[in-house]
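What TrEMBL lists as domain 'Major facilitator superfamily (MFS) profile' is 22-432. Residues or ranges marked as transmembrane segment in TrEMBL: 20-48, 60-80, 87-108, 114-134, 146-170, 176-195, 251-271, 283-307, 319-336, 342-365, 377-404, 410-429.
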């Protein structure tokens with residue numbers, strides 16, 4: 001009896017209710033994920049007075065969350081490939097919800113920092129699993145667009161955090177915004193019922209009934225005969241998923257992806273931190289300088305969606321490399337005087353080509369590897385990128401302290417973009433030449449039974 005290839009079933013599916021539900025669910029999780037991360041910024045002015053801490057101490061507390069994210073991205077990536085994306089994602093949500101909620105009851109900065117670090121582990125664990133799940137269950141021609149839409153939820157989460165902070169902190173105190181962090185716990189029963197591990201893991205674990213049920217939702221035009229057997233393009237590689245990242249000629253691609261993530265987040269986090277200050281020092285009014293950050297993020301949202309569609313059409317590598325080059329060119333020429341309209345356009349393009357390209361980078365990190373190590377791959381790339389993201393603001397601070405010209409400051413931020421473009425250009429393209437039995441349709445099955 002012929003076997004159905006699970007990758008073919010997913011890739012030949014049409015966008016349907018299952019995919020919509022998966023996308024919305026992942027977006028909700030990312031919104032809460034980002035809310036829990038950035039809400040700290042809303043309470044810093046109050047904590048400075050209430051706990052009599054210095055700005056440096058407040059900054060350190062913020063950094064603990066980012067360090068936790070780095071740890072969580074790596075650890076939960078490995079965990080999910082071994083025990084399942086569903087379990088990894090649920091544990092991540094529990095961690096960041098519970099310990100962000102605990103921050104409301106922290107008696108001082110020490111306990112608050114501990115809670116924030118542990119919450120950061122959960123926050124960091126979300127992205128590798130969300131990216132991997134979307135890649136596992138969406139047709140290949142929609143991978144990048146689906147991931148792009150999901151990652152736009154980061155910006156929504158930041159907006160929600162700001163609005164809640166503005167409204168509730170004056171009314172009910174800073175603790176109230178952390179009470180809201182417990183809401184994702186209510187989402188856990190839904191995740192337990194409707195989320196699934198990757199098809200490859202379901203097959204490997206012998207959970208055939210669950211596999212058959214979920215594949216019938218993914219591709220409802222497939223006639224799943226009760227005793228039909230399944231196969232996958234991939235065989236589980238021996239050893240740790242971490243060492244497997246470097247096997248089968250993947251070493252160069254893995255290292256290049258890590259370098260690109262490091263450089264990309266160094267550039268973007270440094271730029272978002274210091275752009276208002278640099279423009280203010282260049283002689284622009286403070287209000288206009290702050291508006292550059294808003295334009296940068298609007299460009300990032302639009303860029304993420306547009307680049308995701310282009311990547312699905314032309315290939316993610318063919319989109320990423322030129323976008324990082326364009327970002328570097330825009331940054332290099334930002335150091336010169338222009339009228340405000342031209343400046344806003346340049347900043348918007350920079351946002352689209354930096355954060356937009358970085359968001360699409362998660363697609364190449366997921367698609368370059370087989371399902372058995374996909375969460376590990378995205379987790380490590382994200383973790384390495386977080387190191388660059390932590391260094392980025394410090395890098396910008398050093399540039400400002402050196403009193404360099406505005407042109408040299410922007411040229412310095414442009415350099416990581418060039419290095420990211422070079423790194424992605426060196427990632428070898430992967431081709432799957434496997435041949436599979438054509439998928440039976442309802443019509444084929446009926447004909448066979450006549």
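Yeah, the Cβs are placed from backbone N, Cα and C, and that goes for glycine too.
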Honestly, do the transmembrane segment (251-271) and the transmembrane segment (146-170) touch, with at least three Cβ pairs under 8 Å and pairs 6 or more apart in sequence?
no
Pairs 6 or more apart in sequence, C-beta under 8 angstroms, 3 or more of them: is that satisfied by the transmembrane segment (176-195) and the transmembrane segment (342-365)?
no
Does the transmembrane segment (87-108) come close to the transmembrane segment (342-365), meaning at least 3 CB pairs under 8 Å for residues 6 or more apart?
no
Cβ contacts under 8 Å made by the transmembrane segment (377-404) with residues that lie 6+ beyond its boundaries:
63, 66-67, 69-71, 73-78, 80, 124-125, 127-128, 131-132, 242, 245, 254, 257-258, 261-271, 273-274, 277-278, 281, 358, 361-362, 365-366, 368-369, 412-413, 416
For the domain 'Major facilitator superfamily (MFS) profile' (22-432), provide the mean pLDDT of the predicted model.
86
